[in-house]
Amino acid sequence: MMRSLNRCSKHRAAWLLLALTTFSLELVALYFQHVMLLKPCVLCVYQRCALYGVVAAGLVGAIAPATPLRFSGLAIWLYSAWEGLQLAMKHTDIQLHPSPFVTCDFFVSFPAWLPLDKWLPSVFSASGDCAVRQWHFLSLEMPQWMIVIFGAYLAVAVLILLAQFFPPRKRDLFSR
C-alpha cells in the first residue's frame with residue numbers, strides 16, 4: 001500500500017485532485033455565505049485560509065510531482081491541515097462550551113502586507129459570532145465537520161509522507 005501511495009504522489013493527477021476537492025469545499029463555503037446567508041465568524045475565515053493553504057499545496061505538488069518539489073507541497077499540506085484542524089477544534093470548543101471569557105476576535109487580523117479582508121471582503125470578511133450555531137448536518141455542526149475534513153486531509157498527508165520512505169519497486173518482467 002505504501003509503495004502505491006508513493007507512486008501515486010509522483011503523479012500530477014493526485015495533486016490536482018487534492019486541489020480540486022479543497023477548492024470545492026471553498027465553493028461550498030461561499031454558497032453557505034452568499035446563498036444561504038450564513039455569517040462567517042473569524043475562525044471560519046481562518047479555516048478558509050487553511051483550506052486555501054491545502055489548495056496551494058495541491059498546486060505546488062502538481063507543478064513537478066516527480067521531483068523533490070513535491071516535498072514542498074507536502075509540507076504546505078501538512079502545515080495547513082494541522083492549523084485548520086487546530087482552528088476547527090478551537091471553534092468546536094467555543095460552540096460546545098460557551099463562556100463569556102472565551103470568545104473569538106471581533107475582526108480578522110491579517111498581516112499588513114496581505115490584507116485579504118480588504119482585498120476580497122466578500123470572501124475574507126467576518127461578520128458572525130463564533131459561538132452561534134448556524135448550521136448542522138447529520139447532527140454535526142459546521143466546525144465539527146471541519147474537524148472531520150481537516151483530520152482526513154491530515155491523515156492522508158501523513159500517509160503520503162510515510163510512503164516517501166518506501167520506494168516503488170521496479171517492474172522487471174524479463175529477468176529471472
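A Cβ is built for glycine as well, from the same backbone N, Cα and C atoms used for every other residue.
Under the heading topological domain 'Cytoplasmic', Swiss-Prot lists 1-14 (among others).
Long-range Cβ contacts of the transmembrane segment (15-31) within its own chain (Cβ-Cβ under 8 Å, at least 6 residues beyond either end) map to 9, 40, 44, 48, 51-52, 54-55, 57-59, 61-62, 65, 70, 73, 77, 123, 149, 153. Annotated transmembrane segment per Swiss-Prot: 15-31 (among others), in sequence order, evidence recorded as sequence analysis.
The topological domain 'Periplasmic' feature in Swiss-Prot is assigned to 32-49 (among others). Taking the topological domain 'Periplasmic' (32-49) as a whole, pLDDT averages 88 in the prediction.
All protein chains shown were included, and the count of other CB atoms within 10 Å of the CB of C44 (disulfide bond) stands at 26. Annotation source Swiss-Prot lists disulfide bond at C41-C44 (among others), citing sequence analysis.
The transmembrane segment annotation in Swiss-Prot covers 50-65 (among others).
Long-range contacts of the topological domain 'Cytoplasmic' (66-71) within the same chain, counting only residues at least 6 positions beyond its ends with a Cβ under 8 Å from a Cβ of the stretch, are 9-10, 15, 60, 164. Residues annotated as topological domain 'Cytoplasmic' in Swiss-Prot: 66-71 (among others).
According to Swiss-Prot, the transmembrane segment annotation covers 72-89 (among others).
What Swiss-Prot lists as topological domain 'Periplasmic' is 90-144 (among others), and the listing cites sequence analysis.
What Swiss-Prot records for C104-C130 (among others) is disulfide bond, and it gives sequence analysis as the kind of evidence. Secondary structure at C104 (disulfide bond), taken from DSSP and collapsed to helix, strand or coil, is coil.
Residues or ranges marked as transmembrane segment in Swiss-Prot: 145-163 (among others).
What Swiss-Prot records for 164-176 (among others) is topological domain 'Cytoplasmic', and it gives sequence analysis as the kind of evidence.
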Provide, as an integer number of angstrom, the distance between the C-alpha atoms of C104 (disulfide bond) and C41 (disulfide bond).
8
C44 (disulfide bond): secondary structure state under DSSP, collapsed to three categories:
helix
Out of C41, C104, C130, which has the highest number of nearby Cβ atoms, where nearby means within 10 Å of its Cβ, if these are the disulfide-bonded residues?
C41
Six or more residues beyond either end and a Cβ under 8 Å away: which residues meet both conditions relative to the transmembrane segment (50-65)?
9-12, 14-20, 22-23, 25-26, 29, 72-74, 76-77, 79-81, 83-84, 87, 150, 153
State the three-class DSSP label for C130 (disulfide bond), counting H, G and I as helix, E and B as strand, and everything else as coil.
coil
